[in-house]
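Contents: one structure, followed by commentary.
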């Protein structure tokens, strides 16, 4: 069954004694779970680690194993005395060994086994807390009969085998032995239950006859076991991941730095020098001074230019080459400070001896950085009612715990209530346990989807969903009482919780479950593998399935058993998602339309008579992603305001560095500051720019003629004055942002400025980052300002961002589900919207698998990073949760290079941006975007005959351009995200493998000839290339041939994680030990031959870029064009 969670607010304004009782119950439950967790942690007898109180993310030992053993022995000896034991007390080692055995029974995850916390809690709590309990000893006659007994009584065959299995399990179970040993040593009972201990201040109701422990204690004990089980599993995973990183580090060192120990020592010395020169780096993280790939961007060009200079050449010559490269690649350039250090004679060996060394060491540093952040042990945290709360649980009617009942319309229409069968009530300062408390709940639209099903069965209900024509059957599940976490920190100021909620779970049956089926029938056609649900098709089952379930075109969810359709989804940034729907059909159904065009389709592997026919493709837009002139103006204005403040802060930070004690750093910063035209970027407010320029003029008059102390004091005073000036701007900006209009979103068609778009979330993130940088800005070079422990800096904005992300994920997942079911959101004549069935439904939703995006030249890194951070993972999980009740399958497909090849032709291409209309106007006050200005300058388009919507190849953008044929000027254009969605379909139906377009090869010798040997990183690659090698005559194009009958085994690197494999690949590529080959399946680029990756994409770029440039140059130049404006943004 699918589980839905509905959070309702309890109306407690007129029930102060119940409000206080709920808060008291919350504290008691947390204290009780803490009590039992402490017992379990002592029985474990191993080190416990907590977060360091310094707030630096490090760990420290909270309690050593010896301290745990000492405290445990103290408790055990005290228990023997309290129990009046007069028999053998046992040695310390015997008691500790017995305690550990008990722990492994309670928490089997400690020894790598599995167990059910509910069953363990019910099995052990009574024997451990009641001296008369006989549970677990194998002699109790109460409880359910064994399964083999029930089978024998029912006359079912196989009961003898089941009995044998039960006896085998019983003989292997050490429970009885451990419990008897505890009794022999006078340790029964081992502990008092929490509700009977001196720690509890509640007047609990007396136990019923035959009741050994209260349900409150049973749930507390169960939650403590659940926490320890989860913690033990996590602790093992953390240790394994740490060991893997250590092994990865050692393997990388052995493979890359043997024989270069002197260079390793030198680069460590370089990093130490940079650390000492910039103490502020350590305020971010301990590895902030490490050499990174980002800091080395452009190093190949810089080192090439430097190689022509003498080692003892003046620094000015080296610095000039740095600036030349930086000027040509402003957005693809690394750290000027790092290059300046590398130009010093003592560090030149790092790039003169081996130009690839620093690149490889940057990869190595990425491993060290992960190792530095990794933990060897999981952090152990005890429950706390305010800091680390757990929630009080209730069971449905008829359950094993304290129960609740949902009362429909108890106080009128839509005015529901909750009846708690047991609760606490505080009167005159005394908390007492009471029975049957009815609490009204606030109205909620979510509750309107619940309808009572049977008055004789209070837990039975109907669940209404807009994605189904009929109601789903369901039942109430468990529930939790929850408080708002932001209010818990202030509970010491009040006696009770302010806002209290009940989180109710509802178990809903899908259509297939209602028919008595475990899965829908089409689930047999697809295979979903692993946690990522990688999708594969059982091609041999397609024909039989379609014969049993012919396509009759039913619309909406009623058509799920009609035909077979797949909807692929490409998540984007500009629009939330792009979808493409394909239907499995017979090939003879493909009929040309009135224009003679055959429908777009993909062949299906192994099925000559079946094809996947394209039905529809479209963009899914959420509120905030629609475009209009007015909306764009508002969005650009608020971005421009924030961009001005960020630019001013960047200049202010550069001015601070001009006052550094390090002379070299100071002079480089000063040179950089005065060389940059302050007003050219047009990213500052005029008044602040004027104030800043005035301070620069004052400093220019002092530079070079005053002492270091006077210069640093002058810089500090200048910083302080412009910082104060900017402070007023920041305050005014914050005031405007807080008072800005926030339009309410209803439906999917409303135009709003922000809405649920990623652009809006990124804008909020940039606000937060700017405020953080501004609040912790140091006015003295090297000054480090950190947030105080427990700081709630910009907590409201942070919560707003988190809620915006959660809201986007849920809305996007809901929209994808409805689109897959064939529903569209339509407005009636009154403007009221509702979901209407318009298309036949899809049985499978296919997402791109982004976790394997390890290739540097695939999707733009910035775009992939934004999707990976939270959006894709969150949508995937939310889709799985929502799709289950609708019987929809959710899978993923290998997505590497799906945005770089045309789905129709297979040809590679480039993503392009359109020229903005404003850049073609006669009098354009705004500068060109940086990408357009770069294109114009590179191709010397002085006359700039640009038109609106001209395509500019940038590698980013929403238009994908690829060659359509080998003929010159024959190109295909399509929306890039729609193309990526269609590529996922092509890969699904063709059983795609990456080796069809990309191969990693190593240099080697075969029969005395230097050849490329394919790296067999998987079974598919091994099947195709285990006995093949590649040779070349040009060093660019490679041809394959067989190397003999002997087939090689799969490459050992298959055992590595894909991330580690790609790290090793990057290092090999830097040393030219391996080569990546690409090919064009369409045969257009280099006739479809295998080509070195760099040259392959160069051929693609030259072909498309040349065509687009030729188109622009073929026009009549526009006179006095505004295109001479070459500003940059």
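The backbone N, Cα and C atoms fix where each Cβ goes, glycine too.
Feature list (source: Swiss-Prot):
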ACT_SITE  570  active site, for DNase activity of RuvC domain
ACT_SITE  848  active site, for DNase activity of RuvC domain
ACT_SITE  977  active site, for DNase activity of RuvC domain
BINDING   899, 911  phosphate binding site
REGION    1-14  region 'WED-I (OBD-I) domain'
REGION    15-386  region 'REC1 (Helical-1)domain'
REGION    118-122  region 'Binds DNA protospacer adjacent motif (PAM) on target DNA'
REGION    442-446  region 'Binds sgRNA'
REGION    519-628  region 'RuvC-I domain'
REGION    742-746  region 'Binds sgRNA'
REGION    792-796  region 'Binds sgRNA'
REGION    800-819  region 'Binds sgRNA'
REGION    835-839  region 'Binds sgRNA'
REGION    901-974  region 'Nuc-I domain'
REGION    973-978  region 'Binds sgRNA'
REGION    994-1129  region 'Nuc-II domain'
SITE      400  site 'Binds DNA protospacer adjacent motif (PAM) on target DNA'
SITE      415  site 'Binds sgRNA'
SITE      478  site 'Binds 'phosphate lock' on target strand DNA'
SITE      484  site 'Binds sgRNA'
SITE      501  site 'Binds sgRNA'
SITE      507  site 'Binds 'phosphate lock' on target strand DNA'
SITE      600  site 'Binds sgRNA'
SITE      614  site 'Binds sgRNA'
SITE      734  site 'Binds sgRNA'
SITE      767  site 'Binds sgRNA'
SITE      825  site 'Binds sgRNA'
SITE      882  site 'Binds sgRNA'
SITE      982  site 'Binds sgRNA'
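Features per Swiss-Prot, on structure.
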| residue | record | CB count, 10 Å |
| --- | --- | --- |
| 415 | site 'Binds sgRNA' | 15 |
| 478 | site 'Binds 'phosphate lock' on target strand DNA' | 17 |
| 501 | site 'Binds sgRNA' | 18 |
| 507 | site 'Binds 'phosphate lock' on target strand DNA' | 19 |
| 614 | site 'Binds sgRNA' | 18 |
| 825 | site 'Binds sgRNA' | 15 |
| 848 | active site, for DNase activity of RuvC domain | 27 |
| 899 | phosphate binding site | 22 |
| 911 | phosphate binding site | 23 |
| 977 | active site, for DNase activity of RuvC domain | 27 |
Neighbouring recorded positions, C-alpha within 10 angstroms of residue 911 (phosphate binding site) - of 501, 600, 614, 767, 848, 882: none
Spatial neighbours of the region 'Binds sgRNA' (800-819) far in sequence, C-beta under 8 Å, 6+ residues away: 466-467, 567, 569, 576-577, 579, 620, 622, 748, 756-758, 760-761, 764-765, 768, 825, 835, 845, 870-871, 874-875, 878-879, 881-883, 886, 888
From 478, 501, 600: recorded sites whose CA lies within 10 A of residue 848 (active site, for DNase activity of RuvC domain): none
Touch test for the region 'RuvC-I domain' (519-628) and the region 'Binds sgRNA' (835-839), at least 3 Cβ pairs under 8 Å: yes
By Cα-Cα distance, the member of recorded sites 478, 600, 882 nearest residue 977 (active site, for DNase activity of RuvC domain): 600
Number of other Cβ atoms within 10 Å of the Cβ of residue 767 (site 'Binds sgRNA') across all protein chains: 20
DSSP-derived helix, strand and coil totals, residue by residue, for the region 'WED-I (OBD-I) domain' (1-14): 0 helix, 9 strand, 5 coil
Under 8 Å by Cβ from residue 570 (active site, for DNase activity of RuvC domain), same chain, sequence gap 6 or more: 577, 578, 579, 848, 898, 899, 977, 978, 980, 981, 984
Cα within 10 Å of residue 600 (site 'Binds sgRNA') - qualifying recorded sites among 400, 478, 484, 507, 767, 882: none
Stretch of maximal Cβ-Cβ contact with the region 'Binds sgRNA' (442-446) [cut-off: under 8 Å; candidates 1-14, 792-796, 835-839]: 1-14
Spatial neighbours of residue 982 (site 'Binds sgRNA'), counting only the recorded sites 507, 614, 734, 882 and Cα distances within 10 Å: 614
Recorded sites clustered about residue 484 (site 'Binds sgRNA') [Cα within 10 Å; pool: 400, 415, 478, 734, 882]: none
Of 400, 882, 982 (the recorded sites), the residue whose Cβ has the fewest other Cβ atoms within 10 Å: 400
Number of other Cβ atoms within 10 Å of the Cβ of residue 600 (site 'Binds sgRNA') across all protein chains: 16
